[in-house]
Amino acid sequence: MSHNTFGHLFRVTTWGESHGPALGCVVDGCPPGLSFKLEDLQVWLDKRKPGQSRFVTQRREDDLVKVLSGVMLDADGETMTTTGTPISMLIENTDQRSKDYGEIARQYRPGHADYTYDLKYGIRDYRGGGRSSARETAARVAAGGIARLVVPGVTVRGALVQIGKHKIDRRNWDWDQVDQNPFFSPDAAIVPVWEEYLDGIRKNGSSIGAVIEVIAEGVPAGLGAPIYAKLDQDIAALLMSINAVKGVEIGNGFAAAETSGEDNADEMRMGNDGTPIFLSNHAGGILGGISTGQPVVARFAVKPTSSILTERQSIDAEGKNVDIRTKGRHDPCVGIRAVPIGEAMVACAVADHYLRDRGQTGRLK
């Protein structure tokens, strides 16, 4: 199985499976001389790790990241400085329950990658989904922690903006609220609504989809290139690579189809300091594939997890009809823990384009 690497200059390779002894990543292309502490990476993994509320999978993983290479430890015994060589990171799996998956070793769960993996490779790791499990994304979040160090002054933040048909009220948007509730919601008023709604979903053994919004502020103008190296193109590709993602939009996205040219185009004026300013940001901070200097705004939709308790029709590897009820521990809404994953993917895309722009134009922004 190839295609486990993404990026051009800031390259990330992830490895490992859901029920293996460990998983991790190798970050190649990180510039030398960047200093950080382990806690600077762990904070993002803690945001993604399972078992933190009744609304996510109850699998218990500490997700403690270990940095194995690519850094030198400073005299204080805590600060690490990148050397420019590959940074290898490892996260151990400690709470696997492979016995929950014995019955589906030869059966294809509807909505999962079981059938297509078997079809393509002739073999699949059925234990927790193996490589197709969202467990792999812990390594991406670790890589995203490194990516955040690369571009000075950039802040990447994400929030859950919709669960099922229940959307936030954007007039209530408050970033300070995001880490104060189990949903990463910027709207405190929607939290009790989501709690009641997801409790019902969870008790029925079902699942529901969601929409996540990621905003990168402080992105320098000029990142990205026309046609085949657009910044939004690469952001969309990385977000689409996340498990269960079925749609991505930048800026106004699909809503742009409902607006006129007058309403959609972001008008400009010269600011008092002699620099141009935009009067709106319908484009999501990107024009012609190149960043404008405005906040980069992306949203992505995740489908309901296919692991539900409802019995469903399928087939097995011998071509027989079977009825399947999924066992194991699963998220009733995978969108919750997708928030830090989306942040990591956007951070990696911005870091990669920052290094590519620096290499092409020679400008240090």
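For all residues, glycine too, the Cβ spot is worked out from N, Cα and C.
Per Swiss-Prot, these features apply:
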BINDING   ARG48, ARG54  NADP(+) binding site
BINDING   ARG131, SER132, SER133, ASN243, ALA244, GLY288, LYS303, PRO304, THR305, SER306, SER307, ARG329  FMN binding site
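Cβ environment of ALA244 (FMN binding site): ALA134, VAL302, LYS303, THR305, VAL334, ALA338 lie under 8 Å away, each six or more residues apart in the same chain.
Sequence-distant neighbours of ARG54 (NADP(+) binding site): residues of the same chain at least 6 apart with a C-beta under 8 Å from its C-beta are ASP199, ARG202. Cα to Cα, SER307 (FMN binding site) and ARG48 (NADP(+) binding site) are separated by 19 Å.
Listed binding-site residues: ARG48, ARG131, LYS303; maximum Cβ neighbour count within 10 Å falls on ARG48. Distance noted between the C-alpha atoms of ARG131 (FMN binding site) and ARG48 (NADP(+) binding site) is 18 Å. Between the CA atoms of SER133 (FMN binding site) and ARG48 (NADP(+) binding site) there is a gap of 14 Å, rounded to the nearest whole number. SER307 (FMN binding site) has a Cβ environment of 21 other Cβ atoms inside 10 Å. Of the binding-site residues SER133, THR305, THR305 has the largest number of other Cβ atoms within 10 Å of its own Cβ. Look at THR305 (FMN binding site): DSSP puts it in coil.
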